[in-house]
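Chemist: Mind looking over this structure? Questions follow.
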């Protein structure tokens with residue numbers, strides 16, 4: 001058996017070449033030999049450069065379900081990948097030992113904690129010679145488009161490098177609770193439910209009524225007052241139930257509307273992404289049409305406002321009547 005500073009070559013022989021990282025330790029990763037046996041050795045990851053949208057590209061719902069299934073997480077939105085914890089565990093799964101999961105903040109809730117995780121991910125990319133620039137500043141902001149682009153690329157990178165071995169993500173992170181990052185939008189439709197009894201007038205009356213003294217005879221209300229109070233209470237209960245039903249219907253309709261808007265947004269974003277990739281492929285031809293399309297895709301609101309001002313001034317100048325010459 002090789003020593004702690006030795007590795008196994010693909011043919012099973014000892015490799016005495018010591019390769020050290022910045023900390024002076026050997027970090028091997030797993031790969032297959034020709035015989036199908038498991039061995040540990042240094043090597044390069046399979047890089048993926050294609051980012052074009054194809055039929056194999058997964059939707060945002062499917063890709064989140066894939067992430068949760070592979071690394072046993074409970075994410076609900078693409079934006080929650082901004083913590084970087086899932087990517088760190090993916091790298092440990094693909095290349096065991098290239099990253100220390102003990103240093104990963106699986107319960108990260110703040111931006112500086114997200115940056116910490118992405119620094120670990122960058123270091124693992126460097127060790128495995130992954131030619132991919134991680135847009136950390138964009139990802140940690142939790143924007144949908146930036147995180148969707150990166151996870152789509154990472155899915156292809158995963159498919160190109162996964163060797164099919166079994167992996168227990170919970171055991172690998174030593175039972176750390178992987179709490180998804182907070183999502184402000186999630187609180188809109190998940191308001192805490194209050195018990196109907198706590199909101200009823202009868203409950204408030206029961207809490208506010210003083211305790212009867214021992215030996216004193218409490219005065220009993222008349223039958224007419226009891227009937228009127230019970231009637232008003234039942235009426236208010238029915239009104240509250242009606243309001244609850246109406247609010248639930250509104251929440252359901254808003255959820256459906258939101259899902260429709262998100263699907264439409266994803267559809268048009270995919271179209272724009274395809275146009276952008278075509279423009280990038282033909283950008284070296286110095287085509288005026290391609291350049292105009294690129295200007296439209298990357299134009300900001302401020303830039304668009306500035307471009308409209310000269311046109312408005314030119315139209316106003318054309319509408320002015322010509323001045324008569326003086327003799």
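Glycine residues also receive a Cβ, built from the backbone N, Cα and C atoms like all the rest.
In case it's useful when we look at the structure, here is the feature table from Swiss-Prot:
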REGION    1-21  region 'Disordered'
MOD_RES   9  phosphoserine
DOMAIN    57-159  domain 'Calponin-homology (CH)'
REGION    171-240  region 'Disordered'
REGION    187-327  region 'DCTN1-binding'
COMPBIAS  200-234  compositional bias 'Low complexity'
MOD_RES   219  phosphoserine
DOMAIN    236-306  domain 'EB1 C-terminal'
MOD_RES   236  phosphoserine
REGION    299-327  region 'Disordered'
COMPBIAS  300-317  compositional bias 'Basic and acidic residues'
COMPBIAS  318-327  compositional bias 'Low complexity'
Chemist: Counting by DSSP secondary structure, give me helix, strand and coil numbers for the domain 'Calponin-homology (CH)' (57-159).
Modeler: 68 helix, 0 strand, 35 coil
Chemist: Taking 10 A as the limit, how many CB atoms besides its own sit near the CB of residue 236 (phosphoserine)?
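Modeler: A count of 14.
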Chemist: Can you tell me how the residues of the domain 'EB1 C-terminal' (236-306) break down into helix, strand and coil by DSSP?
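Modeler: Counts, helix then strand then coil: 66 helix, 0 strand, 5 coil.
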